[in-house]
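Going by TrEMBL, these are the annotated features:
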- 6-24: transmembrane segment (TRANSMEM)
- 431-451: transmembrane segment (TRANSMEM)
- 471-489: transmembrane segment (TRANSMEM)
- 501-520: transmembrane segment (TRANSMEM)
- 526-548: transmembrane segment (TRANSMEM)
- 614-631: transmembrane segment (TRANSMEM)
- 643-665: transmembrane segment (TRANSMEM)
- 685-706: transmembrane segment (TRANSMEM)
- 727-748: transmembrane segment (TRANSMEM)
- 754-772: transmembrane segment (TRANSMEM)
- 841-864: transmembrane segment (TRANSMEM)
- 905-922: transmembrane segment (TRANSMEM)
Amino acid sequence: MAIRSSWIVLYLSLLHLVGIYLFTRGFLLSRLSLSTVSECSSTSAALPCTLPPTHTRAVFLVVDSLRFDFLSPHPPEPHSPYHHNVLTLPRELTAKRPRNSFLFNAYADPPTATLQRIKGLVTGSLPTFVDIGHNFGGASIAEDSIIQQLQRANKTIAFMGDDTWLSVFPTSFHPEMTHDFDSFNVEDLHTVDNGVIANLFPLLTNSSKWDFLVGHFLGVDHVGHRVGPDHPTMLAKQKQMNDVLQNVVDALDKDTLLVVLGDHGMDHKGDHGGDGDLEVSAGLWIYSKGAPLSSKNPPTSHLPHKTFPGEPTSHRSVQQIDLVPTLSLLLGLPIPFNNLGTVIPELFWRDHSGSDYAKALDINARQVRTYLDAYRNSASGGELDGVWDALAASWARFDASKSKEKPQAAMQFTRLALETCRSLWAQFNPALMVGGLGVIALSLVVGWGIYERSRSLGEWDDSVSPLGRATLISTVVGAALGAAAHVPLQNVQQFHGVSLFQLVLFGASVTSGVWVLFSAPPKLRVSWSTPVLLLHSLSFFSNSYTFWEDRAVPFFLPFTLVPPLLAALSAPTARLRSRILVFSTLFAHRLPRGAAPWCSVTFFSGAGAAEPPLLARVLLFPAAVLVPYAIRRVLAISKSDNGIAVLLLYVVPPALVTGSAYWFLEWLDASGDYPDLRGARTALAWTSVIAAFGGTALWMFLPVTLHISSERAPGAQNKTEVRVLGFANAFGAPVAVFWALALVPVWLAAQPTAQITLALATAALFAHLELVDATRDARAIHASFATNPAGALAQLQQQQGQGQGWRLAFFASGHQATLASVQWKSAFVLTSTVSYPLSPLLVILNTFGPTALLALAAPLIGIWNVAPLAPTSAPDGGEGQGQVAMTSQAPQAALAAVRAALGTSLYFGALLLGSALSAAWLRRHLMVWKVFAPRYMARRGAAAARGRRGAVRALDRRRARRRPRCAHVRAP
């Protein structure tokens, strides 16, 4: 009986995706941007909007990824010879001219991506977590900014450097003084910097042509991404930057203010994007060659200090967005409307009483109050309801305070406003979040009911087939109900922001899901693995367990070996018993251990080096050769190493070897000893891709691993003996070959240490398949599925073991559910610059490749070592006497593949629901954007990666339809 109801698999996938979409749209919203522009009104002279300028021009130089310790006079100990005490000009001038030169440790709000930091540096506003997705292609800034204020004051702005600025300010710079350079070629360490230098100094010597000059250097950032901060190349680059700054200071006139800063820092590997201490600590240097900016030090209560990790002493610290109101007032401009920064005291304390500082703070505080009032009156003003009383009380204290107390009260108010908005920097739509959670939970319950109907082919067709038309009708009815509810719900405040499309999706999903649920209700059965899955899902409510999920997974994983070991004790033969024990041991010891408890992370060779460790470089090529050899050896157990399996000999090994060779050459190229290897690396990468696609094309035309031979039967006349090798695994072997081909692009996108992890995970996968097959033989699981409901639970436990194994592979390949762990270097495997869609796809493959490979391997649990034909009872007489009846197992194999995929979906769906619930419940938690939101995003990405399994299931069904339903073979 063929499977006539495979539509249910697509339906469950869509139901799951609708839940993810609704929850994500409610949880990850962009911050509300007010388009109001600050302006000075002639009717309010008593309340000035700015101060007289101290300088008529400014040079604004961004040294991308300029971490504070690169400039610090007391760098961390032990000092790095490559990036400490190298860029020394700022600290030397600060020590020599303390009233003209100021050095700060500036806190850069996460996400620490260049586009988001540029927005913060010019608007004084805060980014949101979801803004990180815009870093590859930002839209123009609609908010008020210092650039817009300069334009309104008829100032001329020159620009040179990172072309990201032009994506947010496409028409703001003078066309004849705009020199932009490609920012995403991280392997080019000098072109952008040399271009800035070539255009910067001619303008410095002719300062009458411009009023504000922006230069953005990228070399330090690219060196960090390429080789890390602890490398001789970083030393050379910082020496170049020090010489550039010295030449800039020499060329400045006394009426030009110099601002040098990093947009963010970098971690010990040279990457950024997250909220680690090294990533959010950026250097900031402000220098006036002419008149001093300060006459004495302000009160210490206005001067917070912070200790950089590893430094022996604390240093003056500011918020990076404090530069926006400070620079605006120094240039005589109004403070941008959305600003939440506070003026820097040292730059305005010009007399004994600090009168200019008091005026600056008063203007600053009133600007922040105006912004809060406007936000309060906006569509998202309800976000401030819970904190408005505290803000109003702080403002009242400032407004009522005496002149001597006003600066302190003003600073307290602006800092309270900043911290309040920082905690509310994203809006939430509770209605969409609850709706999404409900649909995700409903998809799990419906999926479990369908999963239980997969125990036998007859039950599947009898239970699921009649649901098709009714489910379609209920979907249409639900969509109509959702559309009808849109108009009345718009009058309910809780449903503001919920679109017609979203209500239609919700109504269609809930109505159809409830119909399927009542038609195929699940039965509550608890197995030993249920508490483990619940504990794993509930652990996401703890930030500590979420941080250490990489250590929790190895703790949960051994529980998956309990059923096979119990089966070994009752195995009917010694061969089965030894087979189960051997493959259990192999599965346990071949899992990647890079993140196991009490192990140190060795993904890179050192704390400051972004290069693979020596062991990974030594094992790189042997692993690439041994992986396809090992798969072929496993197939040889069932004599399935024939036919299309030849790809494991002639296509997969060269493809994996070229993928490893790419990263080996990348390491040589980064070392500096063998330059100009980019062309060879690109050729190797494309060779690997072409080999994978070519092998896949061959597999599509002939997905068979059988070898058929015939010869005359000995001692018999006119009889031919036909031998079919690989018949016992005719379903599983072709899928295993396809899986090996799919491994190639993931292998190419993975860095060397991750390739070793993938090799170990591959060994664990096939050991697990053999273990499942041995356990299935011991329990006669084919018969138990038809008669014993516990059989379904047994296979779900097998899916959980495989799922946890590949979760461990995700962590051991250098990934975590944090932005900082994204391995951006993989974006440049096929091209030297960012190329769409190749670069994003490569990053996705690098991050979610192990999960996608698990999805592709899921059907193998159901079809591994399942023969296409099974003997049935032979007729006792009549025409069929002397024949053995063989019945096709293709429908059962296809059902088993679907069942295995459903089990995998249920396992990961439970983890997704746990992470989504934790993110929703703790959305106001202090660490929501550091812990819970990234964990949900990781789980959402894993859910999307699982969508690839549908292709394999379709191929399995296609092959199943080509098999004969039964055959008669004459007995010898």
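Even glycines carry a Cβ here, placed using N, Cα and C.
Note: TrEMBL annotation is automatic and uncurated.
Spatially, the transmembrane segment (841-864) is adjacent to the transmembrane segment (727-748); three or more Cβ-Cβ distances between them are under 8 Å for residues at least 6 apart in sequence. For the transmembrane segment (471-489), the residues of the chain that approach it from at least six positions outside its boundaries are 11, 495, 498, 500, 503-512, 514-516, judged by C-beta separation under 8 angstroms. Long-range neighbours of the transmembrane segment (614-631) within the same chain, counting only residues 6 or more positions beyond its ends whose Cβ lies under 8 Å from a Cβ of the stretch, are 602, 605, 648-649, 652-653, 656-657, 659-661, 663-664, 667, 736, 740, 743, 747, 752-753, 755-756, 758-759, 762-763, 766. Of the candidate ranges 6-24, 431-451, 727-748, 905-922, 727-748 has the most C-beta pairs within less than 8 angstroms of the transmembrane segment (754-772). Same-chain neighbours of the transmembrane segment (6-24): 432-433, 435-443, 446-447, 450, 464, 467-468, 471, 502, 505-506, 509, 512-513, 516, 898, 901-902, 905, 909, 912, 916, 920, 940, 943-944, 947, 950, 953, 957, counting only residues six or more beyond its ends whose CB sits under 8 Å from a CB of the stretch.
With a cut-off of 8 Å on Cβ pairs spaced 6 or more residues apart, the transmembrane segment (431-451) and the transmembrane segment (727-748) reach fewer than 3 such pairs and are scored as not touching.
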